[in-house]
């Protein structure tokens, strides 16, 4: 990192943290008590603060990573600073943990952008800083910086694990992956993703050698053709069936294999992936979740994915491959018809934005969900097109992980899209500074509206005296 870039990054991070502290004070002043899921998380953390480690709220569905880490930070800080009484493990103190995670996420995002795009000499330090700042205030994640939720910590350990994986520190990466798993069980998918990075790199090296042997460079340059995909899959099967190759891959990925084995042991002993209340978190094959994620990604990455050039390229591809797109359309319609699920929380809780998205869009008419298929197809094509700089093996590995982390979820919840979005956004090429500034301005606007609604547009339910607030 050059000196000017280091100063710029330090200034951006310090400024963002200062503004976050001011916003944190405003949120804490308006919402002093626990809100939404905090009514479960805060008492659980406070029980741990008082040494009651065997106490557990059965409504909590995640492992106790957040509470253990909170106690590990707050207790020593209270001892050093001489804090006593109710201030120790208060709501504000516990929420502040996520403010620290948010600063850590900013730093990790910058380091990841630097590492992933280090070969691209055209990217300036200003662009890296601007992109890291933009992702650090990604609205769905940034909102939960100011509440005591698992999301900022979950993102921190997952991003840290990914960074260590890219630097080849696989034992450290697996250990951090375990920390992420302790925050949210589905983060085990991103441990598989890290292992997949290693495997994809080796496969890509072997594939290049295979191409050189056959002197058939056309295969690598035409990733989109069906025949090339068939050849790649055939090569993949042959490579993975070789005992020599399998032994080599196991030797590289054994820390991740151990962690995944621990996960399966946990699932077996626990009787499922969810701890606590399982009735509202039943797994299912909810294929339209992929379509919702793609729509979510296009919305938050429109400077990257929704451009006139992209639309023209899509229409040209549509004209060149009508049979393939027709088949994709039929499959999409079938998946929506047979595998659309509506969770009871989605219909009942009018505090979440998803409630209004579902009511204003999908409930307008029974046919709306089918009429959106052309947009889903464009979103999927644009999404994949943005990843064309990655190897075909990386893309296959990422889509497997995306499938695993979204499809089993019955509830449409934007928080579930945070990590797959960040991983995707980190790996697509940089835009021009103008488009990056447009993306940053859009995130600032969305955050401003979100916090204005949360702080000022309160309402009450008929059967409750509690103040209700809009949130992600």
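Glycine is no exception: its Cβ is also placed from the backbone N, Cα and C atoms.
Just so you know, TrEMBL annotations never went through curation; they're auto-generated.
Feature annotation (TrEMBL): of 367-384, 421-438, the stretch labelled transmembrane segment is 367-384. Per TrEMBL, the stretch carrying the note transmembrane segment among 60-81, 192-213 is 60-81. Outside the transmembrane segment (6-27) by six or more residues, the chain places 95-96, 99, 102-103, 106-107, 110, 125-126, 129, 132-133, 136-137, 145-147, 451, 454-455 with a CB less than 8 A from a CB of the stretch.
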